[in-house]
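Novice: Sharing a structure, written as structure tokens. Questions coming.
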């Protein structure tokens with residue numbers, strides 16, 4: 001289990017799962033952010049041809065999609081700072097906790113990014129034709145963003161469980 005010559009304590013394969021969780025959080029969240037930005041950005045560009053005065057007002061979905069990447073970054077930093085097997089024992093339980101933390105945040109960010117992109121694209125185009133739809137579009141975008149926020153919250157809770165497997 002532990003190698004006393006290297007000063008490592010815990011399970012030697014456990015950090016692999018922890019680092020995989022950090023990578024999953026960042027990669028999946030940024031994939032969602034990129035998709036949401038690209039999809040809604042296409043809608044903004046298309047709408048801007050007909051109604052250029054609404055471009056700045058219609059940039060909201062692009063900004064909301066960009067925030068998703070920050071959620072993944074937060075979890076990735078939390079996880080990576082929690083992996084230090086030479087200072088504190090790091091067991092498979094801890095690695096799995098960090099993996100599940102990263103996956104929950106990352107996949108929630110990916111799905112929220114897809115929702116924001118689709119709603120943002122259709123919403124800004126519809127807003128160009130009927131300005132009364134703006135508030136409804138913003139509400140739908142807020143609910144889509146909340147999905148990623150749920151993933152961030154669960155990710156923080158799961159990450160905090162690491163280190164509670166054994167009494168050292």
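Placed from the backbone N, Cα and C atoms, the Cβ positions cover glycine too.
Remember, predicted model here, so these are calculated numbers, not experimental data.
The following feature annotations were taken from TrEMBL:
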- 16-38: transmembrane segment (TRANSMEM)
- 20-79: domain 'V-ATPase proteolipid subunit C-like' (DOMAIN)
- 59-79: transmembrane segment (TRANSMEM)
- 99-121: transmembrane segment (TRANSMEM)
- 100-158: domain 'V-ATPase proteolipid subunit C-like' (DOMAIN)
- 133-158: transmembrane segment (TRANSMEM)
Novice: Determine which residues of the chain contact the transmembrane segment (99-121) at the Cβ level, with the cut-off under 8 Å and only residues 6 or more beyond its ends counted.
Specialist: 17-18, 20-40, 42-44, 60-62, 64-65, 68-69, 71-72, 75-76, 78-79, 137, 140-141, 144-145, 147-148, 150-152, 154-156, 158-159, 162
Novice: Pull the DSSP breakdown for the domain 'V-ATPase proteolipid subunit C-like' (20-79) and write it out as helix, strand, coil residue counts.
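Specialist: Helix/strand/coil tally for the domain 'V-ATPase proteolipid subunit C-like' (20-79): 57 helix, 0 strand, 3 coil.
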Novice: Could you put numbers on the helix, strand and coil content of the domain 'V-ATPase proteolipid subunit C-like' (100-158), residue by residue per DSSP?
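Specialist: Computed counts for the domain 'V-ATPase proteolipid subunit C-like' (100-158) are 58 helix, 0 strand, 1 coil.
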